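**Student:** Sharing a structure here in structure tokens format.
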Amino acid sequence: QEHAYPADELMPLTCRGRVRGQEPSRGDVDDALGKFSLTLIDTLDTLVVLNKTKEFEEAVKKVIKDVNLDNDIVVSVFETNIRVLGGLLGGHSVAIMLKEKGEYMQWYNGELLHMAKELGYKLLPAFNTTSGLPYPRVNLKFGVRHPEARTGTETDTCTACAGTLILEFAALSRFTGTSIFEEYARKALDFIWEKRQRSSNLVGVTINIHTGDWVRKDSGVGAGIDSYYEYLLKAYVLLGDDSFLERFNTHYDAIMRYISQPPLLLDVHIHKPMLNARTWMDSLLAFFPGLQVLKGDIRPAIETHEMLYQVIKKHNFLPEAFTTDFRVHWAQHPLRPEFAESTYFLYKATGDPYYLEVGKTLIENLNKYARVPCGFAAMKDVRTGSHEDRMDSFFLAEMFKYLYLLFADKEDMIFDIEDYIFTTEAHLLPLWLSTTNQTISKKNTTTEYTELDDSNFDWTCPNTQILFPNDPMFAQSIREPLKNVVDKSCPRGISRAEETLGSGPKPPLRARDFMASNPEHLEILKKMGVSLIHLKDGRVQLVQHAVQAASSLDAEDGLRFMQEMIELSSQQQKEQQLPPRAVQIVSHPFFGRVVLTAGPAQFGMDLSKHKAGTRGFVATIKPYNGCSEITNPEAVKEKIALMQRGQCMFAEKARNIQKAGAIGGIVIDDNEGSSSDTAPLFQMAGDGKNTDDITIPMLFLFNKEGNIILDAIREYEAVEVLLSDKAKDRATIFKGKTIPNYIIDSNLVMENMDQKLSENDSHKQNSEEGTSASQDAGAVSEEPEEGESSDVTEPDSLSPADADSDSVSISNQDSYVPGIDEASAPEPACTQGDHQPQEQKTETESNSKVNWDNKAQPMESILADWNEDIEAFEMMEKDEL
């Protein structure tokens, strides 16, 4: 008020207000400014949260008296909705609450709501499209298509821009009884849902508002998409419409399957979701742990939040973007509140005082590094601490609110915060709106949901008593492995000069000598500008950034190393391949008809030399990960043990089950939805030690194939399998035994298994058709933007047989070699320099990957999805990534 009123924003370095048109244009950022006292409106309900009721009353009077919404100015529909419309509705919500209490706002007669309705009508012309998706901008005075509007020519909008309207628009309809606002917002959400990529259930970043075609086909949980997911879940909470929850759960399953690579959240391609779209993350994804808390999925929320906190401790603030090995990619920090938001929700969920310490760090950093005489200034570069003359309205609307609520006790609040839901701008909307003016029939218009067998999707609201009944250290146990993740990934490099002074110059590392488990080798890679990146399927990827090498000589060494690695990888794929193995279900009612493709192991019994294979009944071990002594040895003895991938080395699992008396082992992938139909064959590596003590056979099944055995156990209890180098004919399996008549009679078929077999066949057939079509269209070549990787997978390639070396994939030319289990993969090496450079690339043939749900799909749906995929592959060259 002292320095900026009635301007939209404060310029904290020059102590004056930012008025659009009077300051140099900042491009799209200025679309939030509409000469409507943005910061004042955006901060109204914050004043009440902070118990500043007198100041709130004065602020409301100023808004009513001074703010004009009929300005000839083009504004962002998205920003105006969440900041101004949301601010007016949040102010109205707390104003009527105060009036009911009888002390303040007794004169108030809904003036803020009248202004909100006026603004709502000014935004409606943006929805004049055939799709129902709004134009990204609107003129407050002239709308969209008016000759003087100076807007309406745009064709694209971001998913979040069109999908973050339902809370404010529905609240406006419920408050006023005018249904049109909620109807328009619902139509936009419905259209986005219908346009999701059907095989992955993901949405892209940018969509054509007229045709519904995806313009940018990368998908994540950060900028451009973030609040679309947030509003699906919160719309269910506020409005009680089950369809919103079902849509959210479907998307969430896809996010956790493809985008979540704990503790990272990496963008992927919507048509090839196993392929990362970039090697960096933006700071807006920091909201996602808070949304996971609202959903009740606490473990990944704690993991991602802890990783982000480690980045903050390194740089004092969260950079706008940072790489997978935690280097700064974009150095700005405009005082974004998303991390504080997630901190507040995690504290609410866990009650863990650790999150109070996190909040204290945030406040100390703000006061120490961002506070200036006239306010708080955005950071222009978190590495240097330089400021920008900018203080966005969301800093007061959100950051102050969440930090105050984090430390506030119940008695500090003059109302119950649990009676409200936060919008994406942290404005308060009362939950009683769900039963008020229900002008929209809550008819479930959503169709074709993925059936999700996951207790995580229970329609309940968790609380701390249920989540952490007897273990107050739960959150700490999840954080502990991540507390040094940033420093461990980015150790200080030793220069060539230092190395020379110490022990004389060393020859460059040769590809044939490289061992990914050797710290010295990783250090040499770093100096050559080569870094390691973990992939979701357990492999690691080599990427060269020549400009990040310690010197031009090191860069040349790195290039030579990458070329050698490509040649070595190709040679190993040809010379050291182990063929796939087979798991054949031989018990009733399968009798050898079901054969599952299995990955081999580099240790244990060689099934190619034991033609009879190993036959036995299967048993699930405890603990299921097999990483400690088996607690149910009586159930495992003389049987084939089933266990889950992860937590420890494959060889350790084998030793534990062998000690318990198992005659073989099957490791089932923990990556939900993975399948041999769509993923390269996986080979289990040793642990770098002598594995001659392991004598039993070990095979690897992807998640989909493993679930077939688990389903059979649930239905038939006693399930017998044959582990072999290849499937045996039934006559061999039942040699000396009576073959049941209904095996010979092909007309007698088990209904259950036929469904699964036909599903497998159709998936394979469609996979072949899709791959063939994409190849016929020509080699797919995507030109990445600066700083992004274009990842290509070499199909069916195997890891080297050498048990002493980890398997790697190379992303200088980006051909892959599937690697070892996650637990044995090394930490990513960190290269020097904070900016992501262009990468050296030569692309090889692409292997299209499609993940299928376990449930059967109608053939017409499958074919339609594949046609959509084929068209997308043909257009990949035009993708804006």
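Glycine is treated like the rest: Cβ placed from N, Cα and C.
What TrEMBL shows for this protein is this:
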| type | residues | note |
| --- | --- | --- |
| ACT_SITE | Glu79 | active site, proton donor |
| ACT_SITE | Glu320 | active site, proton donor |
| BINDING | Thr424 | Ca(2+) binding site |
| DOMAIN | 621-708 | domain 'PA' |
| COMPBIAS | 757-767 | compositional bias 'Basic and acidic residues' |
| REGION | 757-857 | region 'Disordered' |
| COMPBIAS | 795-811 | compositional bias 'Low complexity' |
| COMPBIAS | 836-846 | compositional bias 'Basic and acidic residues' |
**Student:** Sorry to bug you, but what's the C-alpha spacing from Thr424 (Ca(2+) binding site) to Glu79 (active site, proton donor), rounded to the closest Å?
**Tutor:** 11
**Student:** To the nearest whole angstrom, what is the C-alpha distance linking Glu320 (active site, proton donor) and the residue listed as 'Ca(2+) binding site'?
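**Tutor:** One finds 18 Å between the Cα atoms of these residues.
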**Student:** Within 10 Å of the Cβ of Glu79 (active site, proton donor), how many other Cβ atoms are there?
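**Tutor:** Taking every protein chain into account, the count is 23.
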**Student:** If you count other C-beta atoms within 10 angstroms, which of the recorded positions Glu320, Thr424 is the most crowded?
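**Tutor:** Checking each of Glu320, Thr424, the winner is Thr424.
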**Student:** Mean pLDDT for the domain 'PA' (621-708), as a whole number?
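**Tutor:** Mean pLDDT across the domain 'PA' (621-708) comes out at 88.
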**Student:** Can you tell me how the residues of the domain 'PA' (621-708) break down into helix, strand and coil by DSSP?
**Tutor:** 20 helix, 15 strand, 53 coil
